[in-house]
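Here's what TrEMBL has on this protein:
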- 1-48: region 'Disordered' (REGION)
- 78-136: domain 'PWWP' (DOMAIN)
- 194-239: region 'Disordered' (REGION)
- 201-210: compositional bias 'Low complexity' (COMPBIAS)
- 254-386: domain 'PHD-type' (DOMAIN)
- CYS482: active site (ACT_SITE)
Amino acid sequence: SGDTSGSRGQRDKLHLATQRSTRKRRLPSRWQALGPSNGSAPRRGDSNRRPFDRSLFLSACLSSISFGFFQDNKGFRIGELVWGKIRGFAWWPAIVVSWRATFNRKAAPGIRWVQWFGDGKFSEVSVDKLVGLLAFQEHFNSTTFHKLVSYRQAILHVLEVASSRAGKSFSSAPGDSLEDKLKPMVEWAMNGFKPTGGKGLKPPKTSGKELAGGGGLESAAPELPSPEPAPPAKRLKTNVCNGSNKEQAEENQSRGRIGAGLGLGCLSCWKKDPVTTHPLFEGGLCETCQVQFLEFFYMYDEDGYQAYCSICCAGNELLLCDNANCFRCFCVDCLNLLVGRGAADAARKEDPWSCYMCQPQERHGVLQRRGDWNTRLKEFFTDEKGLEYEPPKMYPAIPAANRRPIRVLSLFDGIATGYLVLRDLGIQVEKYVASEICEESIAVGTVRHEGNIKYVHDVRNITKKNIDEWGPFDLVIGGSPCNDLSIVNPARKGLYEGTGRLFFEFYHLLNYTRPKAGEERPFFWLFENVVAMRINDKRDISRFLECNPIMIDAVKVSAAHRARYFWGNLPGMNRPLVASTTDKLELQDCLEYGRTAKLKKVQTITTKSNSIRQGKAQTFPVRMNGKDDNLWCTELERIFGFPHHYTDLSNMGRGTRQKLLGRAWSVPVIRHLFAPLKDYFACD
C-alpha cells in the first residue's frame, strides 16, 4: 500500500480469492492494534498482542526508560519522544520503549520498539523512520490534525509529556475543548519548544546499575521514582491467539456488563459511564464515542460504503455487507469482542455475508439490533440534551381570504430548488430574490423559471440597505457550502475559516430580514448543511440560530441516500417523512426504457463522478444491452426529484450537470418541509 499521509479516504482493499473482501485504513479511533508484521517491514495491526493494561504499562515504562541507550550506536534512547513513520500512515508521535514493555521479542539492530501516543500500542520501527519530536514543525500534519480526533488526542498526550519534561505549564479551564487545550501547546511546539528546546525533551537522566534480565542491545540503569504520563489505551484489545483463562473470564464478564444495557457500559469502548443509548444496537455510548458517532456515522467512502464501523464508528479492518442495497460495514474488533471469538473469521468465509442490520432480528453474542433503530437513529442526530433552546414561535394559520403570495430570499440558491418546490405546491410567489455566483446555476434558474427569479450579487456583498430595498420577505432559505465543514474533506477549515464562514453571511442577513418590532406577520426560515460535520461546528451553528437541527435522509422519499441537517422554524419540521404517490422510491423508477437497475437505492450522489459507482467492486448501477452502464443525466434528475431535462441547457456536459445536481437539495425533502406553508400563503 502507498503512503496515505493520514488521508482517511485512501486505504488498502484486500480482495481475497477464498474469503470475503475486507478493507483496511487509518483509524479515526483510539484503539487500532499496533505491532510488527513480518520482522523487517513494520506495520500497524498485529492482533497477537495482550490487552493493554495501563498500570502494567506504567511499570514497564519505568523499566524501559531506565535501560538507557542502545548498543548499536544509532540513536533514539529509550524514553525519547519521537515521530515515527510506517508505510501507509502519517508521521505519528511515539515514545521509544524497551522490548520488555511490549512483552515481545527483542528488536534487531537498527530497529526500535515504539509505543504510539493516542492508543498505547506497539510497533517495531527502523531508526531511518524515526526523528526526534523537536522536528515538530516539519512532521506535524495539519490536514490529519483537523481530520482525525485520534491524531489530536495523540498530539495532546505527547505534548503533555513534553511540557512535563521541559517544566512548561499551560493553563486551561474545566470546560475547555480538546482544541482549546491544544492551541497554545501546538504553538509552543511549532516555535521549537522554547526556552529549553531539545534539551528539555530528553528522557530523565539515569545511571549505570544493571537490571535483572538486561543485556542484549540495552544497557541498564536504576528505575525512576515516578512515571511520566503514558499514551493511554482507549479500548480493550482482545488477544485472540494467546489469551489466558483469566483474560477469557474477564472478557466474558465485560461482555455481560455491556449486554445489560445503557447503565452498565459503552458498546463502543466498554467504559462504564455511557451518557446515551446506541441508536442501532442495545447498549450505550459514552460521551467520547457519542461525539465520534455523530461526526463519522454519515461519512461514506468513494465505494459508497460507510467509512467506519456501524457499531463503534472506527475500525482498522472492516467487513462489508454483501447485500446490494446495504452500505454498512462492521469492524473485526467489534465482531470478535461483541459477537464472539472467531466471528470475524466466520464472516469472512461466508459468501455472501449479510451484516447484523440485514440478518433476522435475533441476538448475536452481546449484539442485539433494536427493533426501532430507524426512529432512534433520527432522534440520536436531532436530540441535543445539553443545548436546550426556546421553541420557535408558531404562527396561527392564515384564513384563506387573507393569504397573499409569498416573498422569498434564497441565499446560495443553486438551481432554484426552492422556487421549483413552491410552484409545485401551488404557492404563489410574489418575489424570489436569489443570491448565486455559479453561472451555470443561474442559467438553469433563469431559463427553467422564465425570468421569474431576480438574481443578485455575491452574498458577501449584500447589505442591510439591499434587504430594505428588496424586502420585506416572508421566507429566508439557504445552505452555505459544506466543503470546509464536511469531515470528508481532509483539508477542511471549519466554521470560522474558508467557505465555512459563509454561514455567518446567512446568519446576519437572516437577522436583517426578521420582522421589525410590532410587525405581526408570519416569518419563516430554513438553513441546511451536511450531517458529517464536527460536533463543535454543529453546536456553534445551533447556538447562533438558537435551535437544534433535524436530520432528514432523502432515502425515504427518493432512490438515493442523502442525509442532511435542517435548522429552521417551518411548521411541523419534526413530523414523519412520508413518501407521496409521485415520489420515485426505487432506482428502477428513475431509469429510461430498456435499462435495468442492479439495486434499489444508490448511495449519496456528490459532485464527483465516481460517486455514481456502487459497492465494493465500484460497478455501475445500471444494466443495458447486457453491459453495465452509468446513470444518465436525466436519470440523475429523476433521483433528485427534478423534472426531465431540468439541467439540459446551455450545452452543458455531463460533468457540469452532475456537479449542479450534486450540490442541490432533494426536491421531495424540500416539498415535505415547505408543504405547511400552504396554510399561510396564497395558492393557485
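Residue 1 is the first one shown; counting continues down the chain.
Glycine too: its Cβ is placed from the backbone N, Cα and C atoms.
Fair warning: this is a prediction, and the values are worked out from it, not measured in the lab.
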The residue listed as 'active site': tally of other CB atoms within 10 A of its CB: 22
DSSP-assigned states of the domain 'PHD-type' (254-386) in counts, ordered helix, strand, coil: 44 helix, 18 strand, 71 coil
Segment-level pLDDT (mean, integer) for the domain 'PWWP' (78-136): 84
Counts by DSSP class (helix H/G/I, strand E/B, coil) across the domain 'PWWP' (78-136): 8 helix, 24 strand, 27 coil
